[in-house]
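According to TrEMBL, the features are:
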type	residues	note
TRANSMEM	7-27	transmembrane segment
COMPBIAS	57-70	compositional bias 'Polar residues'
DOMAIN	173-271	domain 'Copper amine oxidase N3-terminal'
DOMAIN	299-713	domain 'Copper amine oxidase catalytic'
ACT_SITE	376	active site, proton acceptor
MOD_RES	464	2',4',5'-topaquinone
ACT_SITE	464	active site, schiff-base intermediate with substrate
Ligand SMILES: *[C@@H]1O[C@H](CO)[C@@H](O)[C@H](O)[C@H]1NC(C)=O
Ligand SMILES: *[C@@H]1O[C@H](CO)[C@@H](O)[C@H](O)[C@H]1NC(C)=O
């Protein structure tokens, strides 16, 4: 080949390579077997504009959905809305102001357990409108000094601490990540602990330990100090160390002095579980051959998502709300408003909604287990435990990600990246439908697809994972959903088969694998729902469904059901235990806002599958978690009553719970009220929960009830084939 020919050849091969490369670049979304698809790839239908960032519409969403949010420079964040979380600048300012305060100047050892925005008074926030100057910014600080909890308010305009109180109630603040980590090394400074590990033949280098909140039981050792229990596992041969407990070895640690107080060691006869096949990672599982059960799947939005996120303000379809990450609650939804299709007016539904507290009691009263009665929000910080979401798998490809900016123990801000995702969900469900059957001679079929907006977070509180969703529907319904996955907390045992177990009741659970018992436990998730239906003054109405017997000769029927409305006057009227045989609907109404027909505008709380705590009310964990004594409560709005297990839930004694507040029996009729609802789960583990649990979920709904004049989504169009991003499976037509 001469030089010229060689050059031609080069150019040609390069062009071919380029074409191949471009083609390949446009193809990755297609499955290998493209004959299944009727899909014009070059018209771009299959190519999500989000993914390639070529949206033609102006779009406030800066991030491509399948990437992370890491390019966002939080250093330059400025607050735009009175409820916007503290910015990096503001966190740094708080630190500077505190460093000159007498409390911190004189002490070298203090911990900032919480630094968050002190939300302005509700009245001021409600009056604030876009374009108004921002309300004065304040920070609410909780600090721990020499075992005393301090609550301070820092004014970021005057650069001063404007209030300072020490706690009058029992308990301690949420632990910091540093504190949780710091206690884990303490057992290793103890010879007795080391000896016990050696005696069990466990390799010191392969130990993983957990900080376990110790609850409160009223014993002298618990007085005036913060305690934590440490239990350990072997991670030899698996990342799923939870399945290899070093059973019976519990170290009681003084959290502040970082000292071992005592060691309880009674499981020497229990063999270490082998942990075979417990690793759940894809990289390990695929070695045994993949189990491909379905073709690749994804929701495409060729015109981009239909929501807009401006700072912390989310606008989608007929909804608008403020969304922010919180170290304790996880997600806070504020000022959720829905548009009325008749008037186009944005109408208030919720002023503020969040997960207030969790309660997770294990049902094993023995030495190494009785204290496991977690309150995950108030002890560990539900938001602090919210791990970065995994794009494509935690949230679909069309998701937007939001970071949390939180303060570490010394007040320095840090990033909790990809903590929350927001996406539109289309599960193939139906929003409403009707078709006429042929006997009426009317040819009518009208169906509307259901698309919703989901706000999601996943908190991994050590072994357990909580998937927390707020889902907004166009018909005005809001669904709060809890999904439970992750790994069971298991107990080591000598048994390796049920035929060795004399009495199953005293296993406290289910034998899941050789030498492993999944212990029975409950989960309770309590929601704070400050409902503001068309304004703050609302009433709570129990619409009781009662059997009415007919009188003699009145009707061929003997009985029917009627609805009896009872407006709750005081808090006790709204302490509700659910019952199938005494059913009610639970409405929050605005008594001064009526529909055209005279019904009060309202929303109803619709419970889903749930469970009630059956523990003795005097059992110490139940006293601390007395907010689970009822499924529903209503309290008058009070800025200081937000955390159902108390502001200081760690080692609390139950003197600052929702039960205590509600027992004041204050008036709640036609007042600014807060609705509380608890989702509960009883969990008797089964073998399928091993080595990692398929998600179990439950939810409740807030559903319009005479809020709109009629079905609010009558005018929504159906799907038309020509509007859709194609990729239609040929064999489905
Ligand atoms: C316990 O073992 C660890 C790890 O081998 C070691 O670093 C530590 O010094 C030991 N503690 C005592 C008190 O001997
Ligand atoms: C508000 O809540 C705090 C804490 O429970 C309580 O001390 C105070 O009395 C409450 N105020 C009213 C008006 O109920």
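Note that Cβ sites are derived from N, Cα and C of the backbone, with glycine treated the same way.
Automatic prediction, not curation, is the source of TrEMBL annotations.
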Which numbers of helix, strand and coil residues does DSSP report for the domain 'Copper amine oxidase N3-terminal' (173-271)?
31 helix, 29 strand, 39 coil
For residue 376 (active site, proton acceptor), the three-state class that DSSP assigns:
helix
Can you grab the distance from residue 376 (active site, proton acceptor) over to residue 464 (2',4',5'-topaquinone)? Cα atoms, rounded to a whole Å.
10
Mapped DSSP class for residue 464 (2',4',5'-topaquinone), helix or strand or coil:
strand
